[in-house]
């Protein structure tokens with residue numbers, strides 16, 4: 001049992017790391033392909049119309065989950081801390097890049113939200129350390145981490161809606177759906193083996209959503225191009241990080257940044 005628990009935790013770390021570095025799931029009803037997105041942001045010296053909110057909120061989820069996995073909060077969950085600690089580091093880099101390159105108004109909003117996230121996390125840490133002990137500490141931190149994990153896993157619903165609307169899987173790559181399924185399933189089994197509902201329940205939701213994505217993929221796999229009459233709006237495209245602003249708008253944006 002202990003060996004299987006450990007192996008599923010290792011596999012969960014690997015699959016989750018893929019999601020952090022490639023298409024990262026985030027809040028605000030979208031997922032943004034992080035490495036591609038931030039390469040574009042750094043190259044253009046502008047955040048364009050991308051929203052920084054998903055990255056800040058994903059950071060909160062990672063921080064809470066990493067804290068929950070520490071031995072003095074919940075024993076035998078150190079692998080939960082390792083992957084979410086890594087995720088926290090990655091998300092902090094994304095957020096800082098966004099704060100530096102965002103327009104003044106957006107920068108103030110993200111900086112304020114970033115401060116709020118750190119304050120919430122600090123409050124959870126303070127309460128769990130000095131006001132709670134034993135099982136009550138685990139329950140408090142577990143509920144906080146599980147709620148944000150479920151919200152984060154639920155973010156692909158807008159992408160699934162787009163697939164059904166356009167009858168195209170152009171914006172939902174197979175390997176993305178596969179790794180969402182593998183990540184959710186591995187952590188779901190990890191939680192079951194460890195008899196930890198705060199790990200099993202949110203990742204069970206993730207496994208189910210990953211399964212739904214794979215089903216949609218196989219239904220619409222022969223149509224990987226968006227029909228012109230059903231082409232996604234600029235807002236939907238920007239959610240995916242694929243929208244390309246008009247040259248004039250881009251020039252103006254760069255001019256403002258400069």
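Note: Cβ is positioned from N, Cα and C throughout, glycine not excepted.
The compositional bias 'Polar residues' annotation in TrEMBL covers 247-258.
The region 'Disordered' annotation in TrEMBL covers 228-258.
Sequence annotations record features per position, and here TrEMBL assigns transmembrane segment to 6-31 (among others).
As annotated by TrEMBL, transmembrane segment applies to 52-70 (among others).
Among the features that TrEMBL reports, transmembrane segment is placed at 82-103 (among others).
The annotation transmembrane segment is assigned in TrEMBL to 110-131 (among others). Long-range Cβ contacts of the transmembrane segment (110-131) within its own chain (Cβ-Cβ under 8 Å, at least 6 residues beyond either end) map to 52-53, 56-57, 59-60, 63-64, 67, 73, 95, 98-99, 102, 137, 140-141, 144.
What TrEMBL lists as transmembrane segment is 143-164 (among others).
The transmembrane segment annotation in TrEMBL covers 171-193 (among others).
Here TrEMBL flags 199-220 (among others) as transmembrane segment. Counting residues 6+ beyond its ends, the transmembrane segment (199-220) has Cβ neighbours under 8 Å at 77, 80, 145-146, 149-150, 153-154, 156-157, 159-160, 163-164, 167-169, 172, 174, 176-178, 180-188, 190-192 in the same chain.
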